[in-house]
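Novice: The domain 'Casparian strip membrane protein' feature in TrEMBL is assigned to 36-183. Positions annotated as transmembrane segment by TrEMBL: 38-60, 86-109, 121-148, 174-196.
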Amino acid sequence: MKSESAAIDIPESSSVAKGKAPLIAVSRDEKGGYGKGIAIFDFILRLAAIATALAAAAAMGTSEETLPFFTQFFQFQASYDDLPTFQFFVIATAFVGGYLVLSLPLSIVGIVRPHAVGPRLLLIILDTVALPQNPAAGAAAAAIVYLAHNGNPNTNWLAICQQYGDFCQKVSGAVVASLITAVIFVFLIVLSAFALRRH
């Protein structure tokens, strides 16, 4: 007596056949588009920082005022190069502006090749090195500007901004522009760190 057996063939799914479960992953093109958007925003921020840094250096470097009255021996004049702090401010902000101009090619590489880690890593290192120059110069100049506006009765330092109004207005604007540059720098570093984390 023969026993008959029936066999049923069940086809294996593709995931079982390959031995792995299907995963939902973000495609490389989508990641590239996201990285490219960050790189473009980085480039725009650098242009803004260049404008504010060079404007601060130019405003401070051209700040000078001569009062319309003078004596036989004295001429009343205020200029940025009368104070070493303002001279340091001009040098530091010009250095920062020059660095930002030189960093533009690396930012453009990040737009063209959003997956490249090297340029982004180099930018975040250089930005971190250049950042302290700006707030240091801005804070030092801000202290002098405060004294120019308010003076210091304890040391008999008189406020000069009532006499040198145009001079004080230009140096105050330069200090504000430098602090805006520092804020943009912080955003650039955070943006670069976020872009590296996405890789």
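Any Cβ shown, glycine's included, is placed from N, Cα and C.
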Novice: Taking the transmembrane segment (86-109) as reference, which of 38-60, 121-148, 174-196 has the most Cβ pairs under 8 angstroms?
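Specialist: Comparing 38-60, 121-148, 174-196: 38-60 has the most Cβ pairs near the transmembrane segment (86-109).
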Novice: Could you put numbers on the helix, strand and coil content of the domain 'Casparian strip membrane protein' (36-183), residue by residue per DSSP?
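Specialist: Counting residues by DSSP class gives 111 helix, 14 strand, 23 coil.
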Novice: Mind checking which residues of the chain, 6+ beyond the ends of the transmembrane segment (174-196), have their Cβ under 8 Å from one of its Cβ atoms?
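Specialist: Residues packing against the transmembrane segment (174-196) from afar: 35, 38-39, 41-42, 45-46, 48-49, 52-53, 55-57, 59-60, 63, 89, 93, 96, 110, 117, 120-121, 123-124, 127-128, 130-131, 134-135, 137-138, 141-142, 145.
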